[in-house]
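Peer 1: Heads up, here are the entries from Swiss-Prot:
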DOMAIN    162-435  domain 'ABC transporter 1'
TRANSMEM  531-551  transmembrane segment
TRANSMEM  618-638  transmembrane segment
TRANSMEM  650-670  transmembrane segment
TRANSMEM  674-694  transmembrane segment
TRANSMEM  760-780  transmembrane segment
COMPBIAS  813-823  compositional bias 'Basic and acidic residues'
DOMAIN    1178-1392  domain 'ABC transmembrane type-2 2'
TRANSMEM  1197-1217  transmembrane segment
TRANSMEM  1237-1257  transmembrane segment
TRANSMEM  1285-1305  transmembrane segment
TRANSMEM  1312-1332  transmembrane segment
TRANSMEM  1342-1362  transmembrane segment
TRANSMEM  1373-1393  transmembrane segment
TRANSMEM  1423-1443  transmembrane segment
Amino acid sequence: MAREIHKIASLRRESSLWRRGDDGVYFSRSSTGASSSRFRDEEDDEEALRWAALERLPTRDRVRRGILLQAAEGNGEKVEVDVGRMGARESRALIARLIRAADDDHALFLLKLKDRMDRVGIDYPTIEVRFEKLEVEAEVHVGNRGLPTLLNSIINTVQAIGNALHISPTRKQPMTVLHDVSGIIKPRRMTLLLGPPGSGKTTLLLALAGKLEDNLKVSGKVTYNGHGMDEFVPQRTAAYISQHDLHIGEMTVRETLAFSARCQGVGSRYDMLTELSRREKAENIKPDQDIDVYMKASAIGGQESSVVTEYILKILGLDICADTVVGNDMLRGVSGGQRKRVTTGEMLVGPARALFMDEISTGLDSSTTYQIVNSIGQTIRILGGTAVISLLQPAPETYNLFDDIILLSDGQIVYQGAREHVLEFFELMGFRCPQRKGVADFLQEVTSKKDQEQYWYRNDIPYSFVPVKQFADAFRSFHVGQSIQNELSEPFDRSRSHPASLATSKFGVSWMALLKANIDRELLLMKRNSFVYIFKAANLTLTAFLVMTTFLRTKMRHDTTYGTIYMGALYFALDTIMFNGFAELGMTVMKLPVFFKQRDLLFFPAWTYTIPSWILQIPVTFFEVGVYVFTTYYVVGFDPNVSRFFKQYLLLVALNQMSSSLFRFIAGIGRDMVVSQTFGPLSLLAFTALGGFILARPDVKKWWIWGYWISPLSYAQNAISTNEFLGRSWNKSFPGQNDTVGISILKSRGIFTEAKWYWIGFGALIGYTLLFNLLYTVALSFLKPLGDSYPSVPEDALKEKRANQTGEILDSCEEKKSRKKEQSQSVNQKHWNNTAESSQIRQGILPFAQLSLSFNDIKYSVDMPEAMTAQGVTEERLLLLKGVSGSFRPGVLTALMGVSGAGKTTLMDVLAGRKTGGYIEGDITISGYPKKQETFARISGYCEQNDIHSPHVTVYESLVFSAWMRLPSEVDSETRKMFIEEVMELVELTSLRGALVGLPGVNGLSTEQRKRLTVAVELVANPSIIFMDEPTSGLDARAAAIVMRTVRKTVDTGRTVVCTIHQPSIDIFEAFDELFLMKRGGEEIYVGPLGQNSSKLIEYFEGIEGISKIKDGYNPATWMLEVTSTTQEEMLGIDFSEIYKRSELYQRNKELIQDLSTPTPGSTDLHFPTQYSRSFFTQCIACLWKHKLSYWRNPSYTAVRLLFTIIIALLFGTMFWDLGRKTKKEQDLFNAVGSMYAAVLYIGIQNSGCVQPVVVVERTVFYRERAAGMYSGFPYAFGQVAIELPYILVQTLVYGVLVYSMIGFEWTVAKFIWYLFFMYFTLLYFTFFGMMAVGLTPNESIAAIISPAIYNAWNLFSGYLIPRPKIPVWWRWYCWICPVAWTLYGLVASQFGNIQTKLDGKDQTVAQFITEYYGFHHDLLWLVAVVHVVFTVMFAFLFSFAIMKFNFQRR
């Protein structure tokens, strides 16, 4: 865009701005290329005329038009097109012509782009990034002080307040994340960023991209082409690509990238294209037509479908899944590897010239990683970009694609410079990379205290640990380091900076274009989430039916007796419509992580996001409110005047808009599901209690009257009541009185009697709608996402980090012990294969049976997907495994490999018995006996890829629980603890024993620590057979080596282990004994030994005619996947599966399977006297123990709920102050009953809502643990239910004591105990109902949608809005099964059911009024108490039943 860099004064003038460059000229004219590109005599006359006509257009029009071939094959008609109106189909066809195969044609395509610019002397903008003496410091909690327990959360809150008021200092300790780092990132060079976990890689990338958080202490400077960060907009000049994949799951891959491209704009491409077009015209140069169309289409911003989107889809290999939804935890979408590529592509579609990419290869196989990095490298080198890429386990061939290396360790730069000199530097330091070791793997390990010694090659000097500071100091004196220092000492010549290099405008396109983009996306998401709106409409329809049949006009007269009932119907309408907006809260919170990411990347300002979410809901509101009002108004018997009908309709529309805006605002400030689900009901309760229905305006205390005037519901109540009761139906007068029936009813409830209050109320609701939307916009504009980027760290880890940064050598007894242990644990191939040394898991203490697993002709199929059936596929089932056979044996480590879609995880799930659906055929035997899943679960372990663990327990507690549940009961407690310690030492988790597990990507353990915990959780079960699904995915080389060393040691104890693996390095791949290789479609193509240095594998495939030989030093795993690809099969005309089945190897495997399928003489089948290792009672105790820890360390649930309760207690206590003693008037009793009704309903709903996210998280863990045979469903449900009892008891006591004393109910032991009893069981059954709703539904969203429908029914039939004696006889039965009705019965009857004082002006006692008006009898309290217990037990039982019987996990 012109505004983004500089406005070109006149594109027809030879502006000096566009011509100065490194030597004073940016765009030098080329004299050599022009003649070769002039019109040729033999060109087609018609085409020449068409081009000539296009050339005659003004430059502004010419850059929007091009000549496009209408068919991808190249033989179609050429037509003139407006590139701004090209559709997705034309864009795909164009890209298909330009880049037929990304591997072969991408570089040629880029060279064509560059050649076109070179011919007229235009350079692409470049950026040189410099960072000098950069220091980043964070404040962290150390040790157990950082665990988020209930106590710690309270202390943290108090200290944070004290710190903000400068009363008390912070108790956090400083931790240096980056220490004195300096360097230069050159354009046209690919830079690889390496370093062990915690080295500061992500922080460095964020610092270079200008995205560091404000709460960090930062010193030093980062410059782009000599310009400081405050001189341009770094978020738009550079693109930071996060390691976390945050996307809207309902959008397809193409839609996600297209939206990103639409928001980011085209940068300087339009200005450069205009200059290019002007120069080409001046020199009579005709460009390649496809290149011309591409460059013009890519320079037009704001398009719904962009040619750049199609280009990025192509080079990232996402074109095959472009129309598949991205998906999330609740919606199946693309694979994890594809989702990672979507994250990368989301930023590549933009115009940023500098790329900072954080772990972009997680979940990708090595060949895909190579292709993506190669494509990015081609773009960087040819078009002059700048890139720093952090990779976890780069294969040697991927490593060789980089020009420069930055090695970071403990926040210091150990090396930065050309790749060719890195090994030279470390050899000078005394360390040498072994021959078959990847250089990247060597670099990740050489600075680690645990791995360093194995690489020491100086025999003349004894090894001593070299700390990071010593490396960093040595690098500064190394010739590469000196060269960087010399270059940094001379400032960058800012005059060399291309005017288009740095972005100076905050956003990529105009505000209106961004608003339109967000409107289009919101419409798309509303369409994709249409089931939510359908369900809300259905819920309103059901509620309307209940209202019509409960408040039936034929049963109600228009007099003062039934005026209260009509008032209840109006209030219920307000309550229903108000609560209808509650669904916005959950939907808003779920979209916020993506919003915050895109806001911080400057995709759009917050208001362009918030306005569509409000405006587009208005038509929906009109429809939803219409469903309710149009069906109920005349049936209930409201005033028949048409104008009053439409006025009620408009008022409820305004109320619904206000409600939706309120809950969006609460979601915006809460930013967390549990917190928002807590404060949502709190606001609803406050507005309702002060709305004038529960407590009439004259009875509101003077200190709360301001609350009445700011409550939106008070205005709604006045408006809807005056609209109804000033109508003709209520216009009858009492004899001898001036007031009509309607006015009398209004006065009795303290409601204004003037007609103007309708319009005052309506205006107030519109005002509140605008206010809440404004506050929502402000919240999203300035608030940051919740979460701590730098959580607590163990004390030892912080000491070691500081020692490495200062060069200090820790010297203590503990250090000497750990040094000895570390030396014995060095990552060494020789050590991996040393069986004698590796039998660390004590077979003597915990013996196990050595078991083999064989399988023959395994087929797995699923019902044919509807999408394929729609495409004409006639088969009923889709076959995913096609007769797979093989065997896994004790002491043999088998790698299960294949490209994505080969069926690796599917086969493993089938063998492990983890499939929940589909059809399985074939034979599986365990040491010769048919596999029985009940016994197999006892002797097997399964390390899932997703690392699912309870987030609120520590590492040690996770292992204790697993061992407790899975080891035989004969193993005593001491032996079990010793075994756990042994496993922790083996997997190197000892230093993390007290670390909280946390949620992936949010807090707690890092990816590699979580992966090691997954392995350890299975190892402590002492299994005979272990399945591991991608145990090294997402890990760096050193962490992968730790995991594989653990696996190797496990195998060497005699266990049977099989691992699926994606992109192994050479040494990790060759740590395996055998390979089970599958191809896409679910067939095996090699099953056999690897051999020394993979010799047998290489010999087998090189023996196939046409297969290329492996190059020296090449990774056999990568080579194997490349030569067996589908493309290779098509090129060679062979089928690797058929070749394997004709081989001698296949025959030998068949014989082995036959042998292993026959029991050995004297052996017996697996048998256990019980299904589970532990007794039912022990399972219950263990599950309760784990839930106790989880609840104590989940303050966002327990502490926030308690805080909510205290606030409500104080609110109600002060609002209804001393009303419990007032029993002289009916209104006094209505007020007291109203306080009970509101408390029960809203605190109960809050309990029910906020427990649901907690249950959802733990249920996912439960599915894994139950599948592992740890326990049955009931003990888990028992633990979840039982742990709520003490927490709700505290909640009840806090609420009960405060409210009972402040409201002034009668202080007798019986009444107080009854009050606490009914409140306790009410909160229990509401909480258990929330659990039950989750247990019976697939996910939290469905539970949150279904629950309000139940709450509505409970509210309506509670006995407050319409007393039970006045409920129509056909609905009266429901009162007996409505729990809230029983709660109100118990509370009211226990407090007022035995008061014999008479009401003022009536010959009726309080007890008689309670009995006659409400139908409550004091002498039936025992029955009410029993019913409360029954409801509580019933909901708990239904939750337990759902947990035991339903499995919503789909595998």
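Glycine is treated like the rest: Cβ placed from N, Cα and C.
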Peer 1: Do any residues, 6 or more residues outside the transmembrane segment (1312-1332), come within under 8 Å Cβ-to-Cβ of it, and if so which ones?
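Peer 2: Same-chain contacts beyond the flanks: 1239-1240, 1243-1245, 1247-1252, 1255, 1280-1281, 1284-1285, 1288-1289, 1291-1293, 1295-1296, 1300, 1305, 1343, 1347, 1350, 1379-1380, 1383, 1386-1387, 1390-1391, 1421, 1424-1425, 1428-1429, 1431-1432, 1435-1436, 1438-1439, 1442.
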Peer 1: Are the transmembrane segment (674-694) and the transmembrane segment (1197-1217) close enough to be called in contact, which here means at least 3 C-beta pairs under 8 A that are separated by 6 or more residues?
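Peer 2: Yes; at least 3 Cβ pairs under 8 Å.
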Peer 1: Examine the transmembrane segment (1342-1362) against the transmembrane segment (1423-1443) and state whether at least 3 Cβ pairs sit under 8 A, considering only residue pairs 6 or more apart.
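Peer 2: No, the stretches stay apart by this measure.
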Peer 1: Can you work out the mean pLDDT of the predicted model over the domain 'ABC transporter 1' (162-435)?
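Peer 2: The average pLDDT of the model in the domain 'ABC transporter 1' (162-435) works out to 90.
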Peer 1: Determine which recorded stretch among 760-780, 1197-1217, 1373-1393 has the most C-beta pairs below 8 angstroms with the transmembrane segment (1423-1443).
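Peer 2: Ranking 760-780, 1197-1217, 1373-1393 by Cβ pairs under 8 Å to the transmembrane segment (1423-1443) puts 1373-1393 first.
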Peer 1: In the same chain, who gets a Cβ under 8 Å from the transmembrane segment (618-638) while lying at least 6 residues past its ends?
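Peer 2: Contacts with the transmembrane segment (618-638): 526, 533, 536-537, 540-541, 543-545, 547-548, 551-554, 556, 558, 566, 569, 573, 576-577, 580, 644-645, 648-649, 652-653, 656-657, 660, 724, 727, 729.
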Peer 1: Is the transmembrane segment (760-780) packed against any residues at least 6 beyond its ends, judged by a Cβ distance under 8 Å, and which are they?
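Peer 2: Counting only partners 6 or more residues beyond its ends, the transmembrane segment (760-780) has Cβ contacts under 8 Å with 595, 599, 606-607, 609-611, 614, 650-651, 654-655, 657-658, 661-662, 664-665, 668-669, 712, 715-720, 722.
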Peer 1: Counting only residues 6 or more past its boundaries, what in the same chain has a CB within less than 8 Å of a CB in the transmembrane segment (1197-1217)?
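Peer 2: Distal contacts: 150, 153-154, 674-675, 678-679, 681-682, 685-686, 689-690, 695, 700-701, 703-704, 707, 1191, 1231-1232, 1235, 1238-1239, 1242-1243, 1246-1247, 1250-1251, 1253-1254, 1287, 1290-1291, 1294-1295, 1298-1299, 1301-1304.
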Peer 1: Using a Cβ-Cβ cut-off of under 8 Å, list the residues of the same chain that are 6+ residues beyond the ends of the transmembrane segment (531-551) and lie near it.
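Peer 2: Beyond its ends, the transmembrane segment (531-551) has Cβ neighbours at 565-566, 568-569, 572-573, 576, 580, 583, 587, 620, 623-624, 627-628, 631-632, 635-637, 1341, 1345-1346, 1348-1349, 1352-1353, 1356-1357, 1362, 1367-1368, 1370-1371.
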